[in-house]
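Read the structure below first, then the notes.
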Amino acid sequence: MQSMPLLLRQSFKSTLNLTRTTRPVQRRPLLPAVGPNSLYPAPRNFSICLQCQFRTQSSLYSSDSLKDGKPAEQPKEDASPVIALPAGNANLEADAGSQQQAPPAAAEAGESTQSQQQQQQQQQQQEEKSEANGKGWGDGGLPSYIEQRRSQFTKRFSDVMDNLQSNIFVAGQRLNDLTGYSAIEMLKKEIHRQEERLRTARLQVRTAKDAYAAAINNRSTSQREVNELLQRKHAWSPTDLERFTHLYRNDHTNEVAEHEAQEALSQAEHEAEEAAAQLSKSILSRYHEEQVWSDKIRQMSTWGTWGLMGVNVLLFLIFQIAVEPWRRKRLVKGFEEKVIEAIEKEKALDRIQIVTAQNQMAQESSTTSTASTATPETAETAETAEPSASPADEPIADTDAIVTIESTEPEVFSSDPADAEPPANTIVSKPTPDNIREYIKFQLARVSPLLESLRQYLHDLFSDRQVVLTQRDLSTVALQSAAAGAAVIGMLSMIIRQR
């Protein structure tokens, strides 16, 4: 550290030698503070005051913190000021050890501090923006941003809901125009106007009555005073004479005012009567139009009700005549097909069982024939023992032989009884009366279930079978019957009217 007298001496010498400097002061150009890597390396001046040099060039020693992304610390406020000395004074350099480039270093330090402050401000703004977005009131929470993110369908739906009241009003106005209620609305407005007119006319009548009464009172008062003056005519004073003259002159004016008030009263009464008559006429016209409109709406509703009832009856008849039989026929047909399929399966199974039984009998007969050949002696003794054997046994032997011959042919049976083919001996090549009779019976068997089901349905409709119904079902049946009867009667009445 330099001593206080040395600093004073340096400052004094600098003030004396400022005028003798012939060398221009050369300063290093200032560079933008983009970071510690872009700055020039600070030259090492005379190491008289390294602490001051460190304070002035503090930005060069904060590269680690800038690399880590943290803002560099600002220089302390209690740092000692840098003494700027001229570069051309050789005596000052010899005495105190120069700091020739102190002003450029100070400028660079100022630029670095400004850049650090700007970086801090930018980081603070980014943090505030991120916090605002996180909380929901930043750019993502603004109404304009939310409005942009809305879909087209949502916007259209909101517009429709906003204009719902106006649309309903317009629809009601159109409906009134179609039904003729707009004229009734105009009559209502006219009635309100007539009521206001009648109210004003009555107020005018009241005012005219008050004015007429005031005019009558004024004239009667003046006439009374004139009569009093005439009674004491012999004792008139000049004042009484002037008063009598004034009253006599004003009597004509009072008479004219009375007549005018009377005419105004009669005119106001006439106008009030006319307004009342017009109002009553408008009210009667409105009631008449409303009655006509209500009759028209009632007639339209009646025809609409009849139309709906006719549509319901028509649908009922269509379902009962066309749909229900078709559905029932379809169900019966499906049931018949299933029954026929089951019968065919049973027949195939019976045939397979018969064939298997015949095979078993053939096998048993073959075993018995082998046993008979093995013991011929026993057979001969049996023949001698029974010489008078019946010739009916020979066809049995022949059939056994035939069965054995048929059993020698291999037969393959399918695992599915429905797909199993009938044996060859059951196939008939020529139609016989028995086969025709069976075919006819089979066709009649297919038709008979349908007829039987229809017969049972009709018998069930008119049978004495007890049925438990709920009140709802009973009411539905009654309403349907009433609707059908009303529809039939309405159709008959329309036909009769047309004729």
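Cβ coordinates come from backbone N, Cα and C, glycine included.
According to Swiss-Prot, the feature coiled coil maps to 181-283.
For 96-125 (among others), the entry in Swiss-Prot reads compositional bias 'Low complexity'.
Among the features that Swiss-Prot reports, compositional bias 'Low complexity' is placed at 364-392 (among others).
What Swiss-Prot lists as region 'Disordered' is 94-144 (among others).
Under the heading region 'Disordered', Swiss-Prot lists 360-396 (among others).
What Swiss-Prot records for 410-431 (among others) is region 'Disordered'.
The topological domain 'Mitochondrial intermembrane' annotation in Swiss-Prot covers 324-475, and the record cites sequence analysis as its basis.
A Cβ distance under 8 Å defines the sequence-distant neighbours of the transmembrane segment (303-323), meaning residues of its chain 6+ beyond its ends; these are 480, 483-484, 486-487, 490. If you look up Swiss-Prot, you'll see 303-323 (among others) marked as transmembrane segment, on the strength of sequence analysis.
Annotation source Swiss-Prot lists transmembrane segment at 476-496 (among others). Sequence-remote contacts of a segment are chain residues at least 6 beyond its ends whose Cβ falls under 8 Å from one of its Cβ atoms, and for the transmembrane segment (476-496) they are 306, 309-310, 312-313, 316, 469.
The predicted model assigns the coiled coil (181-283) a mean pLDDT of 89.
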